[in-house]
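Feature list (source: TrEMBL):
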type: COILED; residues: 353-380; note: coiled coil
type: DOMAIN; residues: 486-576; note: domain 'Histidine kinase/HSP90-like ATPase'
type: TRANSMEM; residues: 33-50; note: transmembrane segment
type: TRANSMEM; residues: 62-78; note: transmembrane segment
type: TRANSMEM; residues: 84-105; note: transmembrane segment
type: TRANSMEM; residues: 117-137; note: transmembrane segment
type: TRANSMEM; residues: 161-187; note: transmembrane segment
type: TRANSMEM; residues: 199-222; note: transmembrane segment
type: TRANSMEM; residues: 234-252; note: transmembrane segment
Amino acid sequence: MPAVVAVTTLLVVGVVLVSVDWPGGPPAGPVELVAFLAVGVAFVAAGIVAWQSRPDDNTGRLMVLAGVLWLVKGGAAARNPVVFTLGAALTVMYLPVLIHILLGFPTGRLTRRWERWFVGGCYVFFLVSVLLDLMFYNPSVMIGTEWFTAPNLLLVRDDPAIFRVLQLVFGAVATGVSVVVIGVLLARWRAGSPAYRAAFAPLWVAGILGFATVIGTGLITAQSSGMGNVGTAYVGYLATALFPIAVLVGLWRYRVARGAVSDVMVEVGAAPLGEEFVHALRKALRDPGLVLWSWSPQSNRYLDAHGDPQRLPGGDDPRAATVLERDGVPVGALVYDRSLRHQPQLLAAVRSAATLALDNQRLQSELQAQLAEVRRSRERIVAAGDAQRRRLERNLHDGAQQRLVAATILLRRAQRTSQPERKQELLTEGTAELDSALVELRELARGVYPPVLQEHGLAAALTALAERAPLPVEIVDTLTGRAPASVELAAYFIAAEAVANATKHSGATHIGIDLRRDGDMLRMVVTDDGCGGATLTAGGGLSGLSDRAAALGGVLDVHSPTGGGTTLTLSLPLTAGTSEEPS
């Protein structure tokens, strides 16, 4: 499409160049013609750049239209009747297009009803006013000039008096329109936020100066006898040329702002989310009120930098908000000046930077939490090891050691006695104590690593555990083959602890153990019909079981509603501890 616009512009320029009466042209001759063409081409060029930069907006297309209309009005200096009449009829039609750009900037869309009525009225007024002028205007008898010599095809009656009155009336109305436009721009400047002013300042300056020039030129023309003079023409050219310059400056500032946001995104990888990051975004967008909120899944609300809950701004709020998401899940919200919604590409860059920053913060928080949990888990493992050693020491001291001491005493007494009957009695008692000590040592050894587990596998060890349990234990085993020794040992001890807890604390009457393979995972589900209420609390027995599972890369899930029994679901990777195969 820009190529078509460029070709159309070249055709219009060619028609103007061919049609203009060079030898008898305007008083400034070719110099004014070159200046005139430069303004029109600048409009078209700036419009094409804006069109390509922001194809969804109308501003670029309106700029191109204004440039083409500006060039077409050059036909008013032609000797060809058709070219002259067309150029004269459209000689001021670029002005309502500029009003449209100013009131609809930056998108070129008129959002308010009064804006649409006002701009539509301007299009009608400027076209009708020139057409009425031409009905009573004969260029061949224009006083003081000889450069408009083409016949006016719209001429109804050559009446300079009526033409003069129409010029005065339409000039006064045009001046009033210019005053309204300037007033609207000044009012928007006063009510606008810093971000709004920073975004539109170049075009505001061009608009105010341009329409102030329209007022001044109208007053000069009203006091002259014709179409003004060369001085007012050059002033008009200069003021009009400010519009494409302002658009290009605005696009340049837009690119600079996007570059600043890109710099912020580069810095995000090395800098944590904080006030400096938010300040960089505020500076890039020229919005001192920009804030970044994080999303709290726990409270289901947005939180500011101080942790206070916040609500997203509503429809009438001067602020707007963009929810920041990652994979469809909210991670935060960016709150900014509403005017920034008209810069979607810049806002998208800021949104990406903010999302990346929040992601980094979330990942760092999760990493810190995981490291803290690892430290606590290590502390629990050390504490559990110490407790296990103390329990083993106490069991040896209170059990097997006492029986060995008793057996030693009985055997020594047997050595010292001379009575055969008494000796036999003491030997019998000492042997019984040794047998009891041996049984207790075997029980202790079974608690450290049950021989049946090492020799026959997990299912056999769980069956032996069920046979010793005081409650009925039903085992469902669909596990095929042997698992690594560390996996079998962890599963056995977790099952043993679950059976012991159900027996001692839950008041259960039945326990079930389901053992199966799920892909490359071992799944074991232990259920009871007890009172429930078990939790994974720090320092508790279940916490130690969870640590044992986590040490192998597994997970222990506890579901224990009050009065609904307890279900422990253990998931262990079968690749854990593969270097320790069972013998």
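Note: Cβ is positioned from N, Cα and C throughout, glycine not excepted.
All annotation found in TrEMBL is predicted automatically rather than curated by experts.
Here the domain 'Histidine kinase/HSP90-like ATPase' (486-576) is broken down by DSSP into helix, strand and coil counts: 32 helix, 29 strand, 30 coil. Highest Cβ pair count under 8 Å relative to the transmembrane segment (234-252), across stretches 33-50, 62-78, 84-105, 117-137: 33-50. Over the domain 'Histidine kinase/HSP90-like ATPase' (486-576), the average per-residue pLDDT in this prediction is 86. Proximity of distant same-chain residues to the transmembrane segment (117-137), defined by a Cβ-Cβ separation under 8 Å and at least 6 residues beyond the stretch ends, is recorded for 85, 88-93, 95-96, 99-100, 103-104, 110, 152, 154-160, 162-163, 166-167, 170, 173-174, 177, 180.
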